């Protein structure tokens with residue numbers, strides 16, 4: 001039975017005294033045993049956290065009681081295991097970093113399109129559909145016919161727009177991201193650049209997967225998420241991907257069979273990109289993680305390693321159990 005509720009939330013709102021919110025918010029989360037990270041800035045709040053249903057409900061009630069933080073946009077998904085191992089509330093300059101001064105979604109933003117209306121919009125041949133996420137996210141799943149800007153960070157998105165999009169040529173632009181927050185800024189940026197008809201998926205991919213039936217969906221693949229689940233499928237359950245602890249790229253079970261894959265050290269995506277010094281450091285980190293595991297201790301920075309290792313052991317145990325049952329059946333037949 002699924003016990004962990006994962007809550008992705010954000011809200012753009014003027015928070016001039018956001019620093020004062022950090023301590024009570026962190027205390028509330030720790031008391032409720034909520035794990036994950038929330039970001040606070042003068043422009044609002046953003047993050048993903050996880051806990052019991054009661055804990056997440058309590059957090060939303062607490063936030064709703066704070067001036068300006070009521071009616072926060074949030075999406076819920078579920079997991080059998082806690083995807084975070086720490087509780088953090090960080091103070092930032094931006095809750096999602098684009099690095100462009102003066103972009104304010106509270107002043108100007110694109111047109112929100114509900115998940116139920118999204119298919120009709122992106123099926124319009126006059127609409128250019130742009131995935132605002134990073135390349136490694138796009139690689140494991142995106143909408144049919146979406147353009148991949150091939151960015152490594154969201155900071156690179158404005159340059160992509162300057163080089164590839166033209167208000168005179170691209171009359172209708174639709175954009176999407178994981179939960180909606182990056183599109184708040186990307187659509188605001190396009191509006192500032194003179195684009196007229198700019199649309200974005202309200203609630204992001206996660207809301208679309210929640211509300212649109214798989215048989216009607218135009219989504220292809222899985223959706224990358226920034227926690228130890230790595231990706232979720234159309235049912236918002238953990239998908240088939242793990243993550244390379246060296247480069248953080250999502251990897252498949254097939255890629256883990258490659259000679260280039262060394263747990264905690266390298267994978268087919270980064271084997272030719274990491275230096276000898278990095279390789280030595282990763283080998284030592286993996287050694288320390290294994291030593292800590294043998295002593296039943298938590299190694300700093302090993303959250304992802306721990307979850308991946310736990311899931312790996314769980315899969316192996318399931319395989320052994322299935323093999324034993326199969327052998328038992330064969331013995332009975334004989």
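Every residue, even glycine, has its Cβ placed from backbone N, Cα and C.
Feature annotations, reproduced from Swiss-Prot:
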type: ACT_SITE; residues: 177; note: active site, cysteine persulfide intermediate
type: DOMAIN; residues: 123-217; note: domain 'Rhodanese'
For the residue listed as 'active site, cysteine persulfide intermediate', nearby residues of its own chain (Cβ under 8 Å, 6 or more apart in sequence): 131, 132, 133, 183, 186, 200, 201, 204, 205
DSSP three-state assignment for the residue listed as 'active site, cysteine persulfide intermediate': coil
Residues of the domain 'Rhodanese' (123-217) by DSSP state, where helix covers H, G and I: 38 helix, 19 strand, 38 coil
